[in-house]
Amino acid sequence: MNERLFSGTFAIFCFILRRDRLRAPLWLFALTATSLAVALSFVDLYASAEERQAVAQTMVNPATTALIGQGHGLDDYTYGAMLAHQMLGMTALTAGVMSILLVIRHTRAQEEDGQLELLGALPVGRLAVPGAALLYVSGLNILIALFTGAGLTVLQLESITAGSSFLYGAAIGTAGIFFAALTLFVSQAAESSRGALGLSVTGLVAFYGLRAVGDTVNETFLYATPFGWLQEMQVYVEDHALYLFLPVAAAVIFAFSALQLHRRRDAGAGMLPARAGRRDGGRFLTSVFSLVFRLQRTSWMFWALGMILLGAVYGSVLSETETFFAEVEIIQVLIAAEGDTALIDQFLAMFMSVLAVAASIPTLLSLLRLKSEEKRGRLEALYTLPVPRLRVYGVYVATGMITSIIMLTAAAAGLWGAAAVTMEESFTFGAVFTAALVFVPALAVMLGLAALILGVSPALSPLIWVYLLYGYIVIYMGELFQFPDGMDYTTPYGYVPEYPAEDVAALPLVGMVTAAVIFAALGAWLYRRRDLD
Amino acid sequence: MLEMKGVKKTFGDFHALSGVDLDVKPGEVFGFIGPNGAGKSTTIRVLLGLMKADAGSAEIFGQDVWRDAVEIHRRIAYVPGDVNLWPNLTGGEVIDLFGRLRGGFSKEKRDELIERFQFDPTKKCRTYSKGNRQKVALIAAFASNADLYILDEPTSGLDPLMEQTFQACVAEARAAGKSVLLSSHILSEVEKLCDRVAIIRAGEVIEQGTLSEMRHLTRTQVTVETATPLTGLAEFSGVYDLTESGAQTSFQVDTEKLSSVMAHLAEFDIMQLNSAPPALEDLFMQHYDTKEGGKTHE
Ligand SMILES: Nc1ncnc2c1ncn2[C@@H]1O[C@H](COP(=O)(O)OP(=O)(O)O)[C@@H](O)[C@H]1O
Ligand SMILES: [Mg+2]
């Protein structure tokens, strides 16, 4: 790779900085502030060493281990050990999400929107765009590492020392850089930015799942995933800084290979060669619905596969939970104290809520294609045909609903399959399926809200992701950090009956469906009335 | 057929259209010309019901373009300058999809057009150049039995040969009694195809009429050689760019002043006279150069 391939990188880098002058500081703030806020909250929540040890006790069970990792230093659960155990994996995961979104935004998505064609005509090297994107995202991750390290140091908390804090920051930053390089690499194989996003997110989830499997089933898996490497650094406990080289080395390899591949690729095409396709519409492509189905079927397949895998991870965790509780008598006493609902039922319900949040992602993505179709000017073609706006809107909402059912079913199938294989006394498929499908109304509410937002203005659509992230934090982390109970009710997921631990109550489900219908109808009313971009 | 009266559209506090009047009659090809950013596409997007006008009225086939959009769209075909298609569908799939969604689509006509535009429908849209994407929209449009074609700079990506094919298609549509609204900045195209034209600048239609009516507003370039030295020409109103070199004089004259200037020239014994007919190009330039004054376009 010679210099000319990279000429213009700096100019594009500056262009990216201008485009992201708001976005980048927001990510930096969000990722840094979470660790700091949680570290501070520990001091309030657990003042004494005894209290911290008590928390450590509750953390030692396969479910929690699968969710956040086995952790280190649980026998001396200092603030630092707590932070590394409860926050490092999650924050690294979020940094991974950030890196994926930003790399795709500044490479493939830009390519599709045609901005790259403009640049391609200027004296810009073949690798300037991916080079600049990588430079930018890596730089942002390094800033996150430094700010996190410095911020934690400044807090001056007991056991949160400067050296360990910078290692903690570095662990997050290198994870981010790893996923930036991985994204650039896998997106060479994808045909579209959406495909690239699907592949990268699948990779991210798979690596996180691998860590969960490594922590609960077989430790060897820990060495095959960056989340395992981070955990093995044992930040604030042993501080094995040498582990930092693993994600960095992997990132360098991915980045180098990606750039090599990119050099050979035509703008807008994947590495997979294009075959001659149909010369006419065939029998299938006759309506808006068949068009939308045709556009989404590939991503459905990928996401359904991902949901099956994720379900299977939780299914195998469930069996570990079963064995665990059989062995620990004290907890059996606790179960008795809790009433007659088995703890395992509660875990199933809890895992389902996490899977439901995950299933919301493809569901919302499916609907939000209505926005990207509009932004890319493809709706214009439909709306200048005798196609009513409400038909297109309705087809997208319906497709979103179908997606939610497919994804929840896939997750249930994965979970049930893995549980059936590994558990002694497993659930019936009917029970798992019901536990999953009770979430359909909650996903419908999310979908209705997203549809309403699209009716107002497509530019506001990121709001729904903020709300989903909020729901995820409340559902997933709320259990750990003992958020006040009422907070559950600020997200639709909180209204869903915890089947099979609870009975299926009709009222909240009917209420949610009604709310979803009202949101979607209001959105439709607004959508019909607004200008198309 | 198509009637627009006092249509206004603002984006924030920017007046994209400040009172546009258009009137396309059945069976005519109507040219819509103007520089980039003049508001051609915005006008067309209002006509297509993609945007709601802030004021004024717009009707096609006597129906309101916003309220009755779906009804109207059954009988029109639209080709944008920048055609955006689904990257994973082939050109052939898109052409058929458009045809089926509109209805009244002829497979024979489609195959004939694919042939004439030398288009390969088996490739994914992602691999098509701008010109090829335009062909998809053009083939879908001309294979329909629309009564009105709305074409927004439809040839900006086509090579000259394909442009001829396009012009032939427009001529055939007109011969079949259809109407065409053709927005363009390629004046030769408009001159060749259009019965009437409207010129839009900064969101306002500043000129509208048949080409011969418009020529009245233009200047003729005259080069003359006289036996006796030519004098007094500079005093005439309507004479511009006067240059002399030896016995030869050249100048521009407002077409309406042409006869009085000719009478004056005759007094000096004309030896040779050359006059170039006003081209639409001049008309166009004149509007940008003089009427725009010091205001430059970015
Ligand atoms: N959706 C929009 N929002 C804001 N400004 C717009 C929008 N669409 C067009 N404009 C502005 O309106 C003006 C007219 O644009 P357009 O109709 O596309 O011009 P033309 O097609 O004649 O080149 C331009 O200055 C353009 O920037
Ligand atoms: Mg335009």
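Positions of Cβ are set from backbone N, Cα and C atoms, glycine also.
Where the annotation comes from TrEMBL, it is an automatic prediction and has not been curated.
Going by TrEMBL, these are the annotated features:
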- A:26-47: transmembrane segment (TRANSMEM)
- A:83-104: transmembrane segment (TRANSMEM)
- A:124-146: transmembrane segment (TRANSMEM)
- A:166-186: transmembrane segment (TRANSMEM)
- A:195-213: transmembrane segment (TRANSMEM)
- A:241-261: transmembrane segment (TRANSMEM)
- A:300-317: transmembrane segment (TRANSMEM)
- A:347-368: transmembrane segment (TRANSMEM)
- A:393-419: transmembrane segment (TRANSMEM)
- A:431-456: transmembrane segment (TRANSMEM)
- A:463-484: transmembrane segment (TRANSMEM)
- A:504-527: transmembrane segment (TRANSMEM)
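Count of Cβ pairs under 8 Å against the transmembrane segment (A:241-261): among A:124-146, A:195-213, A:393-419, A:431-456, the largest is for A:124-146. The listed stretches are A:26-47, A:83-104, A:300-317, A:504-527; of these, A:300-317 has the most Cβ pairs under 8 Å to the transmembrane segment (A:347-368). Contact between the transmembrane segment (A:83-104) and the transmembrane segment (A:195-213) holds: at least three of their C-beta pairs are under 8 Å, each pair 6 or more apart in sequence. Packing against the transmembrane segment (A:195-213) from elsewhere in the chain are residues 65-67, 69, 89, 93, 96-97, 100-101, 103-104, 108, 179, 182-183, 186-187, 189, 221-222, 224-228, 231, 270, 298-299, 302-303, 305-306, 309-310, 313, 316-317, 358, 361: each is 6 or more residues past its ends and has a CB under 8 Å from a CB in it. Taking residue pairs at least 6 apart in sequence, the transmembrane segment (A:393-419) and the transmembrane segment (A:300-317) share three or more C-beta contacts under 8 angstroms. Residues 31, 35, 83-84, 88, 91-93, 95-96, 98-100, 102-104, 107, 130, 133-134, 137-138, 140-142, 144-150, 152-153, 196, 199-200, 203-204, 226-227, 230, 233, 235-236, 239, 241, 244, 247-248, 250-255, 257-259, 261-262 of the same chain lie 6+ residues outside the transmembrane segment (A:166-186) yet bring a C-beta within less than 8 angstroms of a C-beta in it.
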